[in-house]
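Encoded as structure tokens, the structure appears first; notes follow it.
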Amino acid sequence: MARVLLAVALTIAVLVGCADGHAHARHTRSLINLAELIKCVTGKHACDYNAYGNWCGIGGSGTPVDEIDGCCQRHDLCYDRLIANGCWPRWSPYNYTCKDSLVDCGIDDGSCQAQMCACDKEVVECFARGTYNPANKKKNLFC
């Protein structure tokens, strides 16, 4: 059930991110934090990562097809840990700043919001380190 809720939330974030990916100030809109961070750090839209490989977007299973897909797998597992600890990723807003491709989650006070920001920061930095392969992007209905 938690994976389904996470998948729905990520889809909403992707949809919103496809419409507008600007991120340069402090934000608190939980459904679009990840999409904005993707745009700020990688220069790409969240749509570029939706339905990429086996782990990016709704669901996730199997062996990651490349480093980018591995980023998504680790992000899913990060969110799974948050859910197991009573947090609701995508539904609780968190603050961050992102400028010149650098994400700052602020003070790590152990809160759900700080942990969610850390998960999202890790995945976008992982995306930036990886090599995006358009051949691993599947067609999808959301973008």
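The backbone N, Cα and C atoms fix where each Cβ goes, and this holds for glycine too.
Same-site candidate for Ca(2+) binding, as annotated by TrEMBL with Gly57, Gly59, chosen from Asp66, Asp76: Asp76. Of the cysteines listed (Cys47, Cys56, Cys71), TrEMBL assigns Cys71 as the disulfide partner of Cys126. For Cys112, the disulfide partner named by TrEMBL among Cys87, Cys98, Cys105, Cys143 is Cys87. Among the recorded positions Cys56, Gly57, Gly59, not one has its Cα within 10 Å of the Cα of Asp120 (active site). Just so you know, of the recorded positions Asp76, Asp120, the Cβ with the fewest other Cβ atoms around it within 10 Å is the one at Asp76. Sequence-distant contacts (6 or more apart, same chain, Cβ under 8 Å) of Cys105 (disulfide bond) comprise Tyr94, Asn95, Tyr96, Ala114, Cys117, Ala118, Lys121.
For the recorded positions Cys71, His75, Cys126, a Cα-Cα cutoff of 10 angstroms around Gly57 (Ca(2+) binding site) retains nothing.
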